[in-house]
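Reading through the structure tokens given below for one structure.
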Amino acid sequence: MARATPLNRYRNIGISAHIDAGKTTTTERILFYTGVSHKIGETHEGSATMDWMEQEQERGITITSAATTCFWSGMGQQFPQHRINIIDTPGHVDFTIEVERSMRVLDGACMVYCAVGGVQPQSETVWRQANKYKVPRLAFVNKMDRVGADFYRVKEQVKTRLGGNPVAMVIPIGKEDDFEGVIDLITMKAIYWDVESLGMKFEEREIPEELQEKAEEYRSELVEVAAEANEDLMNKYLEGEELTEDEIHAAIRQRTINNEIIPMYCGTAFKNKGVQKMLDAVIQYMPAPQDVPAIKGILDDKAETEGTREASDDAPFAALAFKIMNDKFVGNLTFVRVYSGVIKQGESVYNPVKMKRERIGRIVQMHADSQQELDEIRAGDIAALVGMKDVGTGDTLCDEKEIITLERMEFPEPVISLAVEPKTKADQEKMSIALGRLAKEDPSFRVHTDEESGQTIISGMGELHLEILVDRMKREFKVEANIGAPQVAYRETIRGTVEQEGKFVRQTGGRGKFGHVWLKLEPLDLDSGVDYQFEEQVVGGVVPKEYHGAVDKGIQERMKNGILAGYPIVGVKATLYDGSYHDVDSDELSFKMAGSIAFKKGFMNANPVLLEPVMKVEVETPEEYMGDIMGDLNRRRGMVQGMDDLPGGTKQIRAEVPLAEMFGYATNVRSMSQGRATYSMEFQKYAETPKSVAEEIMKKFSGKDDDEE
């Protein structure tokens, strides 16, 4: 079967934006104009096609990056038909993982900005991720019909806040209620969209007189940018010759794909103006799969050589699984981006990460919530595979004879944990199935059982992230659960060395109990990774060998439950060196108790301390909020380790802060910086808890022990 659309007419793009920039409405209009969607869905009525999970419809924010395929031949049918695969990305900072995941498989991105709000914090986060994966981008300034809309201010912010190089391709005709259309700076014509046909039709007119001068000023800026593409154009420009429209298009395309410039468009998706022109730009300036560098990977040889896969049907098959979803009708869906080669339904692929072969069942192309069956997928395609058994997010699927492992995605460590408990016994099993499925879909969500409390602990990227996962558990899996408060895992250890006696004697009628030991306790280096060591140096059999294991067991059981404040004890070496026994009354239990008693007393005499987890925190913030953020980190017992300058006037602060002080930080950092600062944190080390804090924790725990001598 031949390829339906030539590869050079493919565009794999993402639409990315801050929460309220109107990205979903923009995507809806794209689907409408490209003929996929016949009735326009509105986010604020909760019916947008791309937002197909129930909570997204309720909250009006996009959570899952759904992949959709559509076709476009230009506003005036001036191009051959192009295939556009759109990946919708979420705009909330807790879903950064989704954005990162989609950036990884895109060839280009369209950044949507609100004409009133401009460049906002999530825009900065998304921008950094697009930089990381070197994704070419264009910008669309939406909501030009709103009070306070200002295209030129947003253009300036892209330059100053993001360090981008924006180039206006159109300028607006009017603004707010008077926004009527745009001026195309290449053709120098005014474009007005027809209201009756919901913007399907348009007409070109002469530029309004009052905008002629402004249009000429911005056109000369555009031509100069185009002339910088190569020497021939530069010479032509410097000699005062006019560049042709074709030359300008080719130059802007080249510079956009090289990540040198950001073409900017504007409009109002809600009023059906401007999105059509931006779609033309996707075809004109966004890269086809073969315009971006070939994907790199590691070949399956001894030396682990780096290899590449060219975007071509003739190259060996290689694809990346970038999202796993559960569909209520077909079950497990694995979204893949095919980089090279062809695969047909029923054929097998190899997963080098799991070292397994899997057979491809059905292949479906997704349109938001409906799907079309395919017989095969080829280089450049984005589609979903049904029924893959053991494929995780970020895994490679490739030809078994030509094995390559594509660069894996990096997933951040979760920063917040909560305990969840099923409300009834019946919910218990459903809950573990639900959590398992959700963790498979979302690599930034982890589940484990706390050994100390037996509770199920879920961890994720933020409070909203966990809230939505708990919500999905309720809706999709019908599991009712109680949620606990966020917790910190403290530890206990000793700083000094002691020798301590432990005696356990019971004398009741008949056989008694007798165990007697001397232990030496000393601290171990916490960085060594060894939490406990037991040695025996008993001379002359004063404690018979068969009881040594019991002493060790008594110590370990005592360590598990802590002594100072009920937290596990780490970093202790115990040496059994002396003691005594009784022929009749001694047994294993007696020596287990004696070991436990000696350890408890010795621990309290060996300068015991409480340890707390310390996190490595990185905050990226515009300079004007730096003072507030530094002051706040100091109040949280943070130690600032260093600072760096980032492009666009952003500062990066690196600090070490105790986890106990970081709860609620996401909300604080947003309010201190009007939402413009972002942060990440990961576990760094365990460190001694200051005395005042430790006393507070110990006060809550009053250890009641019934050991007797």
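Cβ atoms are placed via backbone N, Cα and C, with glycine included.
What Swiss-Prot records for this protein:
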BINDING   17-24, 88-92, 142-145  GTP binding site
DOMAIN    8-290  domain 'tr-type G'
Taking 10 A as the limit, how many CB atoms besides its own sit near the CB of M144 (GTP binding site)?
30
For T89 (GTP binding site), just give me the three-state DSSP call.
coil
Report, as a single number, how many Cβ atoms besides its own are within 10 Å of the Cβ of A17 (GTP binding site).
28
Let me know the DSSP-derived helix, strand or coil state of M144 (GTP binding site), please.
coil
